[in-house]
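Worksheet: one structure, shown below.
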Amino acid sequence: MAYQGFAQEYLGMPAVTRAYTTACVITTAAVQLEFITPFQLYFNPNLIFRKFQIWRLITNFLFFGPLGFSFFFNMIFLYRYCRMLEEGSFRGRTADFVFMFLFGGFLMTLFGLFASLFFLGQAFTIMLVYVWSRRNPYIRMNFFGLLNFQAPFLPWVLMGFSLLLGNSIIIDLLGIAVGHIYYFLEDVFPNQPGGKKLLLTPGFLKMVFDTPEEDPNYNPLPEDRPENRPRDQDQNQQQNPQ
C-alpha cells in the first residue's frame, strides 16, 4: 500500500519537476554507491572547454552533496517550489517553464566562469523559491514554527538559515540575483511604460513541450459534425472502439 501511494504520488508530479528531482536523487545515489565521484560532476571551465567534458554543464546542477540533512532539506524545497511553480503560474506553459530553467542555468554558468563555484544546484533551488515568492507576495509563511513572515522574505530567511549552519551565502545570493533578474524581465519590465517582453520562449521548445491548441476558427465538414452523423454509425463506433 505504501509503495502504491508513493508510486501514485510520483507519477502525479508534473513532468519537469519529476524529471529534475529524479535526476538529482539518482545522481546523489550514484555518488553514494561509488559508481561515480563528485570530481566527475563538478563545474570546471577548463575541463569543459578544453577537455570537452560538456556533461559538467548539467551535472553540477544535479549533485547536492552526500546524503544528510542538507541534501534532504534542499530536496524538500526543490520539490515543493518547483512543483508549485509548474502547477501554478506555469500551468499549461511547460515550454516557458523549461525556458526559465535554461535562462537561469545559463546566467549561473556565466557567473561560475568568474567564481570558484563547483556545484550550482542550491543556487538553482533558491532561484525557484525566489520566483515563486515574488509571484505569491501575500502568502503567510512559517519557518520551523519559529518565524512568521510573508512569502517574499522566504529566500532571505533561507539564506540566514544557511549562514547559521556555517555555509557560504554566495550560492544563495547567486540564486536570489538570478531569480530577481528573471522576475524583473518577465513580470516587471513588460508592465512598465515603454517596457516590452524580452524573454521569448523559442518556438522549438513550444513544439516539443506544449500540446498545440485547437484552432478556434476550425470548421469541420458537415459530415463530421456530431449532429449530422448517422445514429447507426455512432452506435457502431461505441460498440467497436478503435
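Using the three backbone atoms N, Cα and C, a Cβ is placed for every residue, glycine included.
The shown structure was predicted, so the numbers you read here are calculated from the model rather than taken from an experiment.
Sequence annotations record features per position, and here TrEMBL assigns compositional bias 'Basic and acidic residues' to 222-234.
According to TrEMBL, the region 'Disordered' annotation covers 212-242.
Marked as transmembrane segment by TrEMBL: 20-42 (among others).
Here TrEMBL flags 54-79 (among others) as transmembrane segment.
Within the chain, the transmembrane segment (99-132) has long-range Cβ neighbours (under 8 A, six or more residues past its boundaries) at 16, 20, 24, 38, 41-45, 57, 60-65, 74, 77-78, 81-82, 84-85, 88, 90, 151, 154-155, 158-159, 170-172, 174-176, 178-183, 186, 199, 201-202, 205. What TrEMBL lists as transmembrane segment is 99-132 (among others).
Summarising the annotation, TrEMBL assigns transmembrane segment to 153-183 (among others). Remote same-chain residues near the transmembrane segment (153-183) are listed as 70, 77, 100, 103-104, 107-108, 111, 115, 117, 120, 122-131, 133-135, 141, 143, 147, 199 (criterion: CB distance under 8 Å, separation of at least six residues from the stretch ends).
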